Amino acid sequence: MTKYIFVTGGVVSSVGKGIGVASIGRLLKSRGFSVSVMKLDPYLNVDPGTMSPYQHGEVFVTADGAETDLDLGHYERFIDVNLSRLSNVTTGQIYSAVIAKERRGDYLGGTIQVIPHITNEIKARIGSLARSSQADVVIVEIGGTVGDIESLPFLEAIRQMRKDVGRDNILYIHVTLLPHISTGELKTKPTQHSVMALRNVGISADVILCRADRPIDDDIREKIAFFADVDVRAVIPVPTVDSIYEVPLVLEDMGLGDYLVERLGLPATPPDLEDWRSLVARIRQEKRRLPIALVGKYVELHDAYISVVEALHHAAIEQLIDVDIRWIAAEDVEREGPARLLSGVYGILVPGGFGERGIEGKIASADYARVNGIPYLGLCLGMQCATIAFARHVLGTHDVNSTEFNPQTAHPVIDLMPDQRDITEKGGTMRLGLYPCDLVPGTRAHAAYGCDRVEERHRHRFEFNNRYRAVLESAGLVISGLSPDRQLVEIIELRDHPWYVASQFHPEFQSRPGKPHPLFRGFIAAAAQTLLAGEARQLPLVESASS
């Protein structure tokens with residue numbers, strides 16, 4: 001019988017439920033249990049694929065091509081499991097499914113209501129994940145904050161599941177914030193009110209995770225336990241830590257892992273967290289600082305690139321390097337030039353993105369890395385920018401571009417994929433998900449991966465224009481990764497350069513703590529070597545031609 005853990009949040013949004021869920025999954029997996037995870041998002045969008053990163057942050061792409069909440073990235077990285085489109089459900093999806101069934105006549109003329117039709121659809125999605133994953137434990141995070149009107153159908157559905165699957169097979173965890181006032185005193189009243197709001201919809205929390213930026217003493221735990229009607233053992237302090245990867249160990253040391261196993265009636269097995277403890281020990285070690293520039297469109301909101309950031313850290317931790325990310329707005333590069341803004345960095349990364357705003361700054365950054373021998377990693381749009389920059393150099397003209405930004409460009413080295421030309425809808429229509437890529441022996445990409453074929457996750461409509469393949473290759477561009485039919489260019493690189501590699505896919509989605517992605521590992525290693533060499537010379541060297 002599958003066990004279910006439902007995680008809600010109170011007091012404020014962004015209280016850390018996603019990291020908490022991911023950490024709980026890690027504790028259960030360390031005890032030998034199989035785990036799957038679901039995020040229930042209360043917004044009416046079908047998925048975040050068409051949402052602004054400023055509204056939602058990163059869109060995380062699953063192997064089966066779903067555009068999902070960034071929390072799924074945390075789940076995958078912490079638990080080291082590949083999730084699917086079943087793991088992210090939105091209110092938009094639920095209502096769309098129910099209305100479609102009503103239009104087909106599935107409800108036989110009945111009046112469609114939130115209860116039971118919407119709640120039944122929510123429960124069906126949870127059950128579908130449990131059946132398909134065959135997991136011992138399914139953890140479900142309910143987005144938003146208890147008290148929000150948008151979350152009510154989800155809360156009602158998980159309340160009903162207590163009866164559907166049996167009380168012994170369900171655990172409710174509530175994550176709250178303990179704010180402090182100017183005297184330094186932590187206040188429990190918001191948590192008490194949040195627990196009461198949860199009770200008002202028929203749910204009594206079994207565990208309270210208390211977020212705070214300072215230690216929580218036993219008196220406060222006992223007070224919360226009294227008002228929430230839970231064991232003191234079930235009031236778990238979660239202080240702010242230096243690294244999110246410390247959270248599973250904090251929860252384990254507070255006894256949460258054993259408590260969950262006990263309450264769910266699972267076999268009591270000791271956790272194997274040695275690899276995780278070794279990871280955290282490496283994070284805490286003193287390391288050489290390595291400045292890396294991330295040149296993007298949404299750099300004001302770091303969550304827009306959260307998987308890229310984590311992938312950089314994974315590779316840096318392995319090599320005992322403290323990566324110092326310099327957040328560079330691409331529009332600033334356009335105004336001020338790359339030499340001024342990229343001075344003193346030893347690696348340049350241009351991540352994925354869409355739209356014309358800031359594109360010339362990204363192209364200039366890619367060209368600056370090429371000219372000055374600074375290690376470069378381009379991801380998706382970052383690969384297209386590198387292609388445009390190189391082609392402008394080879395063809396001797398600035399009139400080289402992607403048709404996404406200039407449909408009338410004389411040299412469209414990046415063009416819309418043929419199977420995208422008749423598509424008018426935006427949502428869920430790109431080239432999405434896992435696709436194979438054949439690597440060319442003797443290239444940096446092949447050496448980094450150490451194999452002939454890989455599978456990577458994609459999210460794009462535009463691709464390298466094969467009309468320019470021959471002329472660019474003859475000028476020194478190395479095409480090191482291709483689709484199996486050899487029609488799609490997946491990786492490009494430059495041979496006489498410390499590291500200039502760019503991929504059409506998103507390698508960041510498959511990086512894991514303790515198992516960094518090969519392209520990020522190679523990039524960080526090359527940047528570290530450039531740092532050592534740079535101590536004997538002044539960086540940067542010269543302005544790029546594209547600035």
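In case you wondered, yes, glycine gets a Cβ from its N, Cα and C as well.
It should be emphasised that the depicted structure is a prediction, and the values quoted were computed from it without experimental measurement.
Taken from Swiss-Prot, the feature active site, nucleophile applies to CYS380, supported by sequence analysis. Marked as active site by Swiss-Prot on the basis of sequence analysis: HIS506, GLU508. Among the features that Swiss-Prot reports, UTP binding site is placed at SER13, LYS187, THR188, LYS189, PRO190, THR191, GLN192, LYS223, with the record citing sequence analysis. Swiss-Prot lists SER13, ASP148, ILE149, GLU150, LYS187, THR188, LYS189, PRO190, THR191, GLN192, LYS223 with the feature CTP binding site. Annotation source Swiss-Prot lists L-glutamine binding site at TYR54, GLY353, LEU381, GLY382, MET383, GLN384, GLU404, ARG461. What Swiss-Prot records for ASP71, GLU141 is Mg(2+) binding site. Annotation comment: Swiss-Prot describes 291-533 as domain 'Glutamine amidotransferase type-1'. Annotated region 'Amidoligase domain' per Swiss-Prot: 1-266, in sequence order, evidence recorded as sequence analysis.
Features as recorded by Swiss-Prot, highlighted on the structure.
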residue : record                   : contacts (Cβ under 8 Å, 6+ apart)
SER13   : UTP binding site         : GLY144, THR145
TYR54   : L-glutamine binding site : TYR298, GLU300, LEU301, ALA304
ASP71   : Mg(2+) binding site      : LYS17, GLY18, VAL21, ALA22, LYS39, PHE60, GLU141
LYS187  : UTP binding site         : LEU178, PRO179, HIS180, ILE181
THR191  : UTP binding site         : GLY10, VAL11, THR176, LEU177, LEU178, ILE208, CYS210, ILE224, PHE227, ALA228
CYS380  : active site, nucleophile : PRO351, GLY352, GLY353, HIS458, ARG459, HIS460, SER503, GLN504, PHE505, HIS506
LEU381  : L-glutamine binding site : VAL350, PRO351, GLY352, GLY353, PHE354, LYS362, HIS460
GLY382  : L-glutamine binding site : LEU349, VAL350, PRO351, GLY352, LYS362, ALA366, ALA502
GLU404  : L-glutamine binding site : PHE354, GLU356, ILE414, LEU416, ARG461, PHE462
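Separation of the C-alpha atoms of LYS189 (UTP binding site) and MET383 (L-glutamine binding site): 51 Å, rounded to the nearest whole number.
Listed recorded positions: LYS189, LYS223, ARG461, HIS506. The one with the lowest count of other Cβ atoms within 10 Å of its Cβ is LYS189. Take the CB of GLU508 (active site) and look out to 10 A: across all protein chains shown you find 29 other CB atoms. Within the same chain, residues at least 6 positions away in sequence whose Cβ sits under 8 Å from that of PRO190 (UTP binding site) are GLY10, VAL11, THR176, LEU177, LEU178, PRO179. Other C-beta atoms found within 10 angstroms of the C-beta of MET383 (L-glutamine binding site) number 27, with every protein chain shown included. Farthest C-alpha pair in the L-glutamine-binding residues TYR54, GLY353, LEU381, GLY382, MET383, GLN384, GLU404, ARG461: 23 Å apart. Taking CA atoms as the reference points, THR188 (UTP binding site) and GLN384 (L-glutamine binding site) are 52 Å apart.
Summary: among the binding-site residues (THR188, GLN192, GLN384), the fewest other C-beta atoms within 10 A of the C-beta are counted at GLN192.
LYS223 (UTP binding site) has its Cα within 10 Å of the Cα of none of the recorded positions ILE149, MET383, GLN384, GLU508.
Annotated pair GLN384 (L-glutamine binding site) and GLU508 (active site), C-alpha to C-alpha distance, rounded: 17 Å. Annotation note: GLU141 (Mg(2+) binding site) sits in a strand segment as assigned by DSSP. Summed and averaged per residue, pLDDT over the region 'Amidoligase domain' (1-266) gives 95. Nearest in space to GLU508 (active site), taking C-alpha to C-alpha distance over the binding-site residues ILE149, GLN192, MET383, is MET383. Between the CA atoms of ILE149 (CTP binding site) and MET383 (L-glutamine binding site) there is a gap of 43 Å. Distance from the CA of MET383 (L-glutamine binding site) to the CA of GLN192 (UTP binding site) is 51 Å.
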